[in-house]
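Annotation source Swiss-Prot lists active site, proton acceptor at HIS370, citing sequence analysis. Annotation comment: Swiss-Prot describes 13-16, LYS27, GLN79, 84-85, 107-109, GLY146, GLU161, ASN176, ASN234, ARG340, LYS358, TYR373, ASN384 as UDP-N-acetyl-alpha-D-glucosamine binding site, evidence class sequence analysis. Summarising the annotation, Swiss-Prot assigns Mg(2+) binding site to ASP109, ASN234 and lists sequence analysis as the type of evidence. The feature acetyl-CoA binding site is assigned by Swiss-Prot to ALA387, ASN393, TYR394, SER412, ALA430, ARG447. The feature region 'Pyrophosphorylase' is assigned by Swiss-Prot to 1-236, with sequence analysis given as support. Taken from Swiss-Prot, the feature region 'Linker' covers 237-257. Look at Swiss-Prot and you will find 258-466 tagged as region 'N-acetyltransferase'.
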Amino acid sequence: MEVMPQPLTIVILAAGLGTRMKSRHAKVLHQAGGKTLLQHVIDTALELAPAERIFVVVGHQAEKVRQSVTTPGIGFIEQTEQKGTGHAVLIGRHALAGLDGHLMVLYGDCPLLRTETLRRLIAQAAEGPAAGVLLSAMMDDPYGYGRVIRDSRGHVLDVVEQKSGTPEQLAIKEANMGIYCFRAGLFWEHVGEIEPNNPAGEYYLTDMPAILHRAGHTVEAMRIDDPAEALGINDRAQLAEVDRIFRDRKRRAVMAAGVTLIQPETITIDPAAEIGQDSIIESFAQILGKTKIGENCRVGSCSIVSDSTLADEVHIGAFTIVTTSVLEHGVHAGPYARLRMENHVEAGAHIGNFVELKKTRMGKGAKANHLAYLGDSEIGARVNIGAGTITCNYDGFKKHRTGIGEGAFVGSNSTLVAPIDIGEGAYVAAGSVITNPVPPDALALGRARQEIKEEWAKKRRKLAKT
């Protein structure tokens with residue numbers, strides 16, 4: 001049975017710029033798997049400790065990093081000079097030293113760490129006498145990683161960095177992953193002994209195992225099977241690889257829950273998205289943000305559904321974009337439709353090809369099957385919107401509302417100049433420009449009367465020849 005130390009304090013190191021990213025943005029602000037690298041690590045930490053026991057060390061672009069964190073209650077410690085990982089923790093001593101229990105150190109650019117792995121690390125730290133436990137992995141090529149030096153009993157004596165190791169030490173395949181869980185009291189007692197004895201003049205947290213060993217304490221290492229789990233991101237290629245891993249994890253979880261993905265490797269599903277059983281997501285679709293999709297739905301190829309809610313049996317045709325909208329049971333949208341923002345489409349309604357909705361409510365069974373723009377509108381149940389209909393909702397200064405009552409029929413190529421209301425059961429003749437309210441059950445015609453001029457074309461052609 002796992003033993004979880006209580007309480008646990010977590011420090012996340014996120015002060016670096018990440019020069020190899022070749023970016024104007026701090027490294028931890030880059031996104032993989034639908035969230036910033038830092039937010040991934042924070043979300044993992046929240047599975048282990050309350051927000052008030054989680055602290056982020058910030059440095060480069062400190063204010064932007066603070067603002068990027070979506071979790072209330074997280075503490076921040078500013079490292080104005082980046083002098084190494086040991087220094088990053090040491091400057092938080094006044095804020096953290098009074099917190100007993102265990103202290104875990106994580107990195108803001110290591111988003112792939114699983115909660116289960118960290119629980120095992122914490123349990124090992126709690127069960128035994130060790131002053132600290134570090135995470136390690138066996139690697140075929142550990143170049144660039146610190147090597148874990150053990151004694152005959154398997155205890156950690158030291159972590160030797162690539163630049164300072166002897167050939168014998170560098171031949172060791174066990175690499176330090178840089179994740180630690182210390183007994184807080186012993187850590188704060190000895191962390192001040194770290195010295196900048198390296199060409200960079202920095203204070204390295206990797207010195208702590210040797211310091212604790214010299215003080216007569218035991219340090220252990222817990223090996224993980226997959227080194228990629230603790231992969232830190234240093235450049236764009238690694239960022240892309242981590243994003244791929246996140247996407248693959250999510251796709252596998254979705255399929256395990258009963259969702260069919262057609263060509264799954266082409267599909268993007270964000271971590272917070274939810275998809276119901278027996279739904280089908282076609283190739284190259286993107287399910288983004290906090291989208292919730294019900295059961296027996298289908299999302300067509302190359303469609304994008306973002307921060308929206310789809311009830312059961314909703315069908316999204318290919319190349320359709322749905323943003324911050326609600327689609328009730330049995331709605332059909334697309335192909336090539338756009339539900340731009342804040343729309344609510346009631347049960348059984350149809351939004352056809354090349355139809356755009358913006359801040360519009362469509363009633364039950366309403367239909368706009370072809371080539372229409374409906375903005376800032378309230379459309380009643382069973383309304384039929386003909387092809388080419390547009391609501392003229394903007395007068396150059398303000399947006400205006402269009403209301404269409406239940407059972408109304410709007411003919412093709414109609415222009416509805418808002419603000420305007422069309423009553424229940426009313427008809428709008430095709431080609432009309434409607435500028436005044438239409439009473440219920442009335443017929444509105446707003447077009448020029450057709451005129452026929454016999455033989456006009458024949459005379460025009462004859463004239464052109466002269």
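We count from 1, first residue shown onward.
Positions of Cβ are set from backbone N, Cα and C atoms, glycine also.
A count of other CB atoms within 10 A of each Cβ picks out ASP109 as the most crowded of the binding-site residues ASP109, GLU161. Non-local neighbours of the region 'Linker' (237-257) in the same chain are 21, 30-34, 37, 40, 111-112, 228, 231, 264-265, 267-271, 273, 275, 277, 281; each lies 6+ residues outside the stretch with a CB under 8 Å from one of its CB atoms. Mean pLDDT across the region 'Pyrophosphorylase' (1-236) comes to 92 in this model. Rounded to a whole number, the C-alpha distance linking ASN234 (Mg(2+) binding site) with GLY16 (UDP-N-acetyl-alpha-D-glucosamine binding site) is 11 angstrom. Summarising the environment of ASN384 (UDP-N-acetyl-alpha-D-glucosamine binding site), the number of other Cβ atoms within 10 Å of its Cβ, over all protein chains shown, is 19. Comparing C-alpha positions, ASN384 (UDP-N-acetyl-alpha-D-glucosamine binding site) sits nearest to HIS370 among the recorded positions HIS370, TYR394, ARG447. Closest in space to the residue listed as 'active site, proton acceptor', of the binding-site residues given as ARG340, ASN393, SER412, ALA430, is SER412, taking the CA atom of each residue. Within 10 Å of the C-beta of GLY84 (UDP-N-acetyl-alpha-D-glucosamine binding site) there are 22 other C-beta atoms, taking all protein chains into account. Largest Cα-to-Cα span within the acetyl-CoA-binding set ALA387, ASN393, TYR394, SER412, ALA430, ARG447: 22 Å. Proximity of GLY16 (UDP-N-acetyl-alpha-D-glucosamine binding site) to non-local residues of its own chain (separation of 6 or more, Cβ distance below 8 Å) is seen for ALA26, LYS27, VAL28, GLY59, HIS60, GLN82, ASP109, given in sequence order. Listed in sequence order, the residues of the same chain lying 6 or more apart from SER412 (acetyl-CoA binding site) and placing their CB within less than 8 Å of its CB are GLY386, ALA387, GLY388, THR389, ALA430, GLY431.
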